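Only one structure is covered here, and it is reproduced in the block below.
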Amino acid sequence: MIEPIGNQYVVARPVYSANAFGEEHKKKQRHHKTLLDHLKKLCCCSAQKAKKIAFSLFPIASWLPAYRIKEWLLSDIVSGISTGLVAVLQGLAFALLVTIPPAYGLYAAFFPVIIYFFLGTSRHISVGPFPVLSMMVGAVVVRLTSTDNIADSTITNSSMANDSSIDDQKVMVAATVTILSGIIQVLMGVLQLGFVVIYLSESLISGFTTAAAIHVLVSQLKFMFQLTVPAHTDPFSIFKVLESIFSQIEKTNIADLVTSLVILVVVFVVKEINQRFKDKLPVPIPIELIMTVIATGVSYGFDFKNRFNVAVIGEMKPGFQAPITPSRQTFQDTIGDSFGIAIVGFAVAFSVASVYSLKYDYPIDGNQELIAFGVSNIFGGSFRGFAASTSLSRSGVQESTGGKTQIAGLISAIIVLIVIVAIGFLLEPLQKSVLAALALGNLKGMLMQFVEIRRLWRKDKYDCLIWVMTFILAVVLGLGLGLAASVAFQLLTIVFRTQFPKCSTLANVGRSNIYKNRKDYSEIYEPEGVKIFRCPSPIYFANISFFKQKLIDAIGFRPLRILRKRNKALKKIRKLQKKGLLQVTPKGFICTVDGFKDSDEELDNDKIEELDQPISTTDLPFQIDWNANLPLNIVVPKINLHSLILDFSAVSFLDVSSMRGLKTILQEFIRIQVDVYIVGTDDDFIEKLTRCEFFDDEVKDSIFFLTIHDAVLHILMKKDYSTSKFNPSQEVEAKFDDFTINTNGGLRNRECQVPIETKF
């Protein structure tokens with residue numbers, strides 16, 4: 001019964017152990033579904049289920065009929081045009097990261113958008129090239145098409161005499177890797193493995209994208225300086241690239257360097273203006289488009305290519321090229337890289353989509369997103385594009401300019417299509433250094449994540465450590481190996497957190513049923529002889545020893561050592577009693593010998609197994625108070641603990657190995673007459689212990705209580721009963737400070753323990 005009194009409440013209920021609660025409140029019989037039940041449900045077919053599957057595979061069928069033409073169409077058109085112009089420039093710029101001709105970046109900005117329009121569940125993200133994925137694909141392209149690998153004929157062509165042939169091989173590798181990563185994404189979506197993204201934490205993604213921004217920055221320096229830099233893909237490659245750049249810095253093309261620096265400064269300044277005045281500007285200033293038009297006109301008008309020998313985009317063939325057949329050998333060589341690209345692409349896109357879904361309150365489906373991006377990459381790779389995800393800046397443009405649905409994405413694809421089939425030739429005079437500067441202009445958000453380190457350190461040191469290690473590993477080892485090492489390190493931190501949990505000793509705070517860490521509060525109440533120990537993590541094979549050590553540190557003694565010393569002392573006492581050297585008096589026992597000592601041989605013959613057994617005094621006509629003074633030279637450490645409460649409310653699971661360790665711990669305490677109680681566990685926890693035959697004559701299932709307070713009140717009542725001299729039939733009201741316990745029932749009388757006295 002609960003009685004509210006103002007902002008307080010009074011609860012009147014019995015003290016419950018787990019068994020007592022189960023007897024009073026019977027559990028319902030529930031049918032737990034088996035694997036066969038799930039298979040039957042999966043294989044059953046109905047019209048409603050078919051409709052649900054169709055709508056899940058083609059989300060467009062659910063939102064397009066509800067499209068508000070009058071309210072949304074104009075906004076989507078404006079947003080689509082703005083996003084399309086940005087997509088054209090980013091497609092050209094990010095193609096340089098893949099080390100393929102810029103024109104192929106337009107394919108990556110077109111085909112995935114069309115597929116996602118039909119299959120995607122997010123209404124606001126802009127699908128297409130993403131710098132991190134472009135860098136990852138580019139690393140594979142460089143590794144497989146470097147001059148050392150060309151002789152191996154790992155691609156398909158043996159004619160590598162000219163640049164055109166090398167470009168074709170690079171496009172083949174990029175497209176093949178993209179197709180394979182798309183296949184992996186589709187398989188993961190079909191198998192409902194969208195949950196794998198949870199293993200890439202926000203800190204890991206942030207650190208990884210920041211490291212990728214560093215790689216992008218370094219990779220674009222060769223275009224800004226117009227230097228010939230050898231390809232490096234092994235660990236520490238970023239330092240080799242920097243060494244190569246600075247060793248030939250005197251060969252810098254000044255026209256390219258000045259152009260790129262001017263573009264970079266202007267883009268950064270205008271982007272900052274867009275950010276600061278986003279509430280006042282109707283649409284963000286399209287600075288990338290403006291600078292591209294100006295740079296192209298200046299380059300063409302002043303003939304930069306011939307006068308200053310700058311590198312330009314070159315020929316832009318109108319229209320599309322025929323689809324390609326992916327290379328089987330490349331499939332075999334890049335399975336690991338493709339898996340990383342698939343995971344990173346999905347993780348980034350899903351995290352951005354989640355932000356917009358929360359902001360605009362509509363659901364997204366992770367598994368369907370995997371299928372959508374997988375089909376997009378398969379289709380885009382078949383038409384010579386490269387891996388697609390979503391660009392943070394491009395999605396921001398689509399949303400901030402009023403985009404409501406993927407109609408805006410479709411309009412942006414039409415803009416890219418116009419460039420591909422009609423006006424692409426106008427961009428032929430554009431310098432590659434301008435594209436490099438535009439690519440770097442999109443990295444500001446990634447690089448600014450450095451300032452997040454301090455905030456992460458204040459919030460969670462483990463998250464900060466993950467960020468730092470991910471950044472270092474990705475920079476030093478490269479994006480592929482760095483990602484794998486970062487995930488492994490992140491999982492290792494989880495092991496550390498559970499392997500070395502912050503256990504604590506609890507005490508009562510406020511004279512209520514609230515128990516907190518005793519170190520955090522000054523006014524606390526601790527029942528005499530009672531320790532409350534809390535474990536805040538699962539207990540398993542890797543941390544059971546740590547748990548035991550923390551428990552020993554909390555109580556101040558090792559129960560096994562006490563047990564062995566008591567058994568040794570009991571052995572001596574039995575010998576004294578058998579030889580008649582102990583006499584009974586009203587005040588206790590008197591030892592009638594001045595000295596008694598076992599031989600060294602007898603002491604050495606004490607077997608460990610015997611000393612670890614429970615203490616039994618049934619063969620003696622008396623009980624022993626181990627905290628009293630013992631006769632002669634018998635020394636046993638005294639302990640002031642009679643009850644131990646283990647708070648397992650945060651223990652989510654217990655494996656078989658730790659189960660044996662926990663039982664050993666309980667037995668050691670029980671054998672030295674310390675009662676152990678476990679509180680806060682759920683029914684499944686106890687049922688698992690029962691299935692594993694955890695309980696026996698020593699460790700019983702009656703040690704489980706619902707809450708700490710239940711166990712504490714039970715202990716106080718038990719100790720009061722054991723010393724009570726009242727008639728068993730009368731009602732007893734026992735008060736312990738501010739605790740009031742009303743009981744009614746029989747009392748248990750315990751035989752009086754007799755201290756042993758020594759007479760000299």
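Every residue, even glycine, has its Cβ placed from backbone N, Cα and C.
So that you can see what the record holds, here are the features copied from TrEMBL:
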type     : residues : note
TRANSMEM : 77-98    : transmembrane segment
TRANSMEM : 104-120  : transmembrane segment
TRANSMEM : 132-151  : transmembrane segment
TRANSMEM : 171-200  : transmembrane segment
TRANSMEM : 252-270  : transmembrane segment
TRANSMEM : 338-358  : transmembrane segment
TRANSMEM : 370-387  : transmembrane segment
TRANSMEM : 407-427  : transmembrane segment
TRANSMEM : 465-496  : transmembrane segment
DOMAIN   : 520-715  : domain 'STAS'
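Here the domain 'STAS' (520-715) returns a mean pLDDT of 84 for the predicted model. Between the transmembrane segment (77-98) and the transmembrane segment (407-427), three or more CB pairs separated by 6 or more residues in sequence fall under 8 Å, so the two stretches touch. Here the transmembrane segment (338-358) does not touch the transmembrane segment (104-120). Their Cβ atoms form fewer than 3 pairs under 8 Å, with each pair 6 or more residues apart.
Across 171-200, 370-387, 407-427, 465-496, the stretch most heavily in contact with the transmembrane segment (104-120), judged by Cβ pairs under 8 Å, is 370-387. Using a Cβ-Cβ cut-off under 8 Å and counting only residues 6 or more beyond its ends in the same chain, the transmembrane segment (171-200) has close neighbours at 98, 100-101, 104, 137-138, 140-141, 144-145, 155-156, 324, 326-327, 330-331, 334-335, 337-339, 341-347, 350-351, 365-371, 373-382, 384-388, 487, 490-491. Sequence-distant contacts of the transmembrane segment (370-387) (same chain, at least 6 residues past either end, Cβ-Cβ under 8 Å): 57, 95, 98, 100, 104-105, 107-108, 110-112, 114-116, 119-121, 127, 129-130, 133-134, 136-137, 171, 174-179, 181-190, 193-194, 320-321, 323-324, 326, 341-342, 345-346, 349.
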